[in-house]
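Feature annotations, courtesy of TrEMBL:
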TRANSMEM  B:20-39  transmembrane segment
TRANSMEM  B:46-66  transmembrane segment
TRANSMEM  B:72-92  transmembrane segment
TRANSMEM  B:104-124  transmembrane segment
TRANSMEM  B:149-172  transmembrane segment
TRANSMEM  B:201-221  transmembrane segment
TRANSMEM  B:279-298  transmembrane segment
Amino acid sequence: MNLLEVSGLKKNFGGITALQGVELTLRPREILGLIGPNGAGKTTLFNCLSGQTRPDGGTIRFCPQSRPLNLAGKRPDQVAALGVSRTFQNIRVFGQMRVIENLWVGRHLVTRSGFLGALFKTSRFQKEEAESLELCYRLLEFVGLEGKANLMASELAYGDLRRLEIARALAAEPKLLLLDEPAAGMNLSETATLDQLILKIRQERGIGILLIEHDMKLVMGLCDQVLVLDQGKTLAQGKPEEIRQDPEVIAAYLGLEVEHA
Amino acid sequence: MNEGVAYFLGICFSGLTRGSIYALMALGYTLVYGILSLINFAHGEVYMIGAFVGLVFAGLGTILGLGPVANAALALGAAIVWAGAYGFILERVAYRPLRRAPRLAPLITAIGMSLFLREFVILAQTSDFVAFPPLFEALPSLPQGWGEFVLPSELLILCSTLAVLFGLYLLVQHSKMGLAMRSIAQDPEMARLLGIDVDKIISFTFVLGSALAAVGAVLISAQIGQINANIGFIVGIKAFTAAVLGGVGSPGGAALGGLVLGLTESLAAGYLSSDYEDGFAFLVLVLILLFRPAGLVGKNLPEKV
């Protein structure tokens, strides 16, 4: 069964049509690249998936276990609780918190003991806290931020901030990860490391990844599937090599990019 | 002990006692401001209501023949629960419906709630001063020499406040709830995306701030010995001054600002003239706004966009 199935998704902002019937399918453990010219609706689609924007029509079927759920119209905290995490193009980590605290907030959904547990240091709380902390440190290592746990997040370099944001998204143990232009503003070697990281996430965590990306090399090299969005509609979805040869796609978008690349 | 030194110490202790209450109150302003960028002008009235509830229950305890410690605990507990409920309802009624409204709208409802609550207490109770039962009578007297400059009740208030501040520090810095509060202060939308129920945390913050106000109200009312429906107004403004003095939005700053303001007032009253006590408090506010608008511990942050 598919992990994510979007069909007929629509969204208008005032008189402007942002999405007019998006179709998308994502299988478990798959990396799906979302491409399309500016204004094609990529960000709006992400916002609908994360619950930040309420779609006007269509369905978002998310199936982390055996029973599919409709995400359309759910609040962001509810969507998060069902197992969807996201990052942003303009990184949104908590700058006034330590690196490890950022991950700790990310684990909000997973840790259960509340204030009373913390106050009385119940054994369940202590056990849970120790495990959770251990997990956070392992996550830092996983993304390559070991040794930076106690820095303020605002002190991190740009590339590290991106990795921290991804680590925080993973801290919630999501089933679906939405990455909004993870390579934006990164140099070549940083992009290569990121490439490795995304593959490692899929390999070790077995989750579905949906990413918006402008870097064509990254998209074509990394993704199992590519979806082209144009004027709020799905133009095509398929394997990277199919997409590269699709005449419609070339006409609308790729042709220009490939020539310049 | 030298008489001058004893006088000075006495003034310091009475200033710190007063400052403790400002600190507890200022925390209520600053926690709410940190999360919602809203000045809860009805906070002073929650304090006043806390004092009245404390009075009623302390009186009840006396009638029931409770011992002094049990009576104080009853008054304090009832005031905390009652004021907490007021804080919760206040946010639901006056602020939550206006979450997306222009900034001025909740400010006006805050002032409206403040007036409403004060008039409500005047109608339901009285506008006169009423005596607050003495809760501190049973305190043991201090060792020889201390009595020259500090009262047992002052020490109790100061120590209780420090304990509460320490507890609050642990809550904000080292608990899941505190982390959620801080994440909302920095980026509410992101907090929501991480699964945090923002409305729940906001309610909790109001209850917490109101509980702190109630603690301050019962302690200082028992010390002063009388209350009326207007006590919330002036304490509210002073505590707001303390919050600004420390750097609004910063809990540590609010605590520091409260103590500094209390000391300033007390020193000015003790060495210059007690007629100008309030004047000095607001002089401090004006000076801070002129020369260090971000407060004592605040950084001058760039405008939020």
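Glycine residues also receive a Cβ, built from the backbone N, Cα and C atoms like all the rest.
A Cβ distance under 8 Å defines the sequence-distant neighbours of the transmembrane segment (B:20-39), meaning residues of its chain 6+ beyond its ends; these are 46-47, 95, 103, 106-107, 110, 157-158, 160-162, 164-165, 168, 181, 184-185, 188, 201-202, 205-206, 208-210, 212-213, 215-217, 219-220, 235-236, 238-243, 246, 248-251, 253-259, 261-262, 304.
Long-range Cβ contacts of the transmembrane segment (B:46-66) within its own chain (Cβ-Cβ under 8 Å, at least 6 residues beyond either end) map to 25, 28, 72, 74-76, 78-80, 82-83, 86-87, 90, 117-118, 121, 125, 130, 132-133, 135, 209-210, 213-218, 221-222, 227, 229-233, 235-236.
Looking at B:72-92, B:104-124, B:149-172, B:279-298, the range that has the most CB pairs within less than 8 A of the transmembrane segment (B:201-221) turns out to be B:72-92. Residues 40, 42, 46-47, 49-51, 53-58, 60-61, 66, 113, 117, 133, 135-136, 202-203, 206-211, 213-215, 217-218, 222 of the same chain lie 6 or more positions beyond the ends of the transmembrane segment (B:72-92) yet place their CB under 8 Å from a CB of it. Within its own chain, the transmembrane segment (B:104-124) has Cβ neighbours under 8 Å at 38-42, 44-46, 48-49, 52, 86, 90, 93-95, 98, 229-230, 232-233, 236, counting only residues six or more beyond its boundaries.
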